[in-house]
């Protein structure tokens with residue numbers, strides 16, 4: 001029989017408590033004796049934000065420095081803005097994107113021999129003041145579609161409305177609060193490849209292999225006007241004109257087709273305003289920017305920029321060696337949501353709504369004091385390119401290398417500072433949106449990653465894969481925040497609602513799933 005050690009005596013317990021107390025008293029003394037450094041805060045455009053200040057290395061956590069910067073800027077609790085910091089290594093052309101647990105060790109590791117007498121430059125990037133929680137459980141599994149779900153998108157107004165397009169030739173609008181179908185949108189005679197809500201949430205557009213575009217009223221489920229006819233082949237993608245640019249009392253819609261053209265439609269009449277022709281291959285993706293430029297990516301390996309008002313070509317970017325699969329704009333999130341933000345306050349008049357949408361766009365797209373959207377293109381050649389369309393030259397800002405297979409999908413974070421890319425190499429990668437530098441790999445899927453979507457606060461990314469799972473990633477750490485099994489087959493489409501409440505997914509198993517915290 002095993003002999004048990006006797007319990008510690010009162011004296012032993014008292015000595016242990018005293019020893020622990022002594023350690024706790026000494027630890028702060030040791031910690032605060034790390035020395036200090038001088039911090040120079042700059043904004044993302046390189047402008048100095050405050051005077052140089054001295055900070056103790058022991059207190060130099062990202063949270064503490066964020067609080068200090070707010071104090072230096074004279075902000076009260078109402079105006080408080082959380083920041084993340086990029087560290088410029090002195091004497092080297094090196095910027096560390098992820099703030100470390102131990103700043104002193106990081107500087108010494110990179111050869112800064114005397115950090116105590118060195119001024120360290122910290123780029124401060126504002127973070128969202130609201131926080132989105134990682135979705136962690138299945139809210140609803142909603143059957144209804146008779147074939148795989150190919151696309152899904154939440155209404156910009158609320159996560160309680162979701163649209164999906166399917167291989168059963170229908171689109172559907174779902175009530176995600178109750179987990180029930182609201183409307184089945186019938187009319188297409190081919191697969192519905194894309195669904196897209198207008199920025200004000202008052203229309204839903206669908207595009208199909210039947211060569212048509214249709215616009216629906218999501219409140220009644222009825223079609224608005226006749227179907228838009230003009231394309232000769234499948235219609236692959238849609239893009240709404242940004243809300244602040246709507247004119248003549250009508251919205252405009254762009255559609256990209258396998259027939260190598262893009263058409264601009266007047267929504268209230270269904271008339272074609274312009275046909276953008278020039279691509280020599282299928283136009284796989286289209287985006288409508290906040291300065292009335294239209295961006296297209298094609299299987300002819302080019303990315304083109306068009307003037308939406310005149311219908312003329314502005315730039316032709318040719319750098320990719322294979323098909324362009326997807327393109328994204330740094331302003332995508334604010335253009336998709338127009339005047340809807342985390343406050344849920346909707347301006348009363350049309351003029352005020354326009355003004356708010358324009359203000360949100362200009363704030364999101366500003367680089368060095370001027371409005372300049374960035375564009376990123378993803379290709380079958382395993383690469384991505386970052387472009388500045390305001391630059392007249394056709395030279396990219398950066399070439400983003402690292403994927404070992406085709407890059408399927410790409411998205412800017414809502415705050416415009418990061419890029420996430422999903423690839424056939426089973427990985428999702430994060431990149432700096434300013435200079436295109438690689439930041440980290442999000443590895444965990446065991447099959448190609450088809451799509452990715454950001455949370456509205458830019459702190460989380462959700463990915464959908466051929467391996468039948470969704471995964472939620474913490475962007476700061478690069479770690480898996482939540483694994484979401486539940487699909488019975490490949491996950492083709494994923495979206496995160498603009499209000500942060502829900503994630504939706506759909507794929508080969510034909511059922512829509514919504515996920516919540």
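The backbone N, Cα and C atoms fix where each Cβ goes, and this holds for glycine too.
The region 'Disordered' annotation in Swiss-Prot falls on one of the ranges 1-25, 151-175, namely 1-25. Counting residues 6+ beyond its ends, the repeat 'WD 1' (144-184) has Cβ neighbours under 8 Å at 190-197, 199-201, 204, 206, 208, 210, 216, 218, 220-221, 336-338, 340, 492-502, 504-512, 514 in the same chain. Residue counts for the repeat 'WD 6' (402-441) by DSSP state, with H, G and I taken as helix and E and B as strand, are 0 helix, 22 strand, 18 coil.
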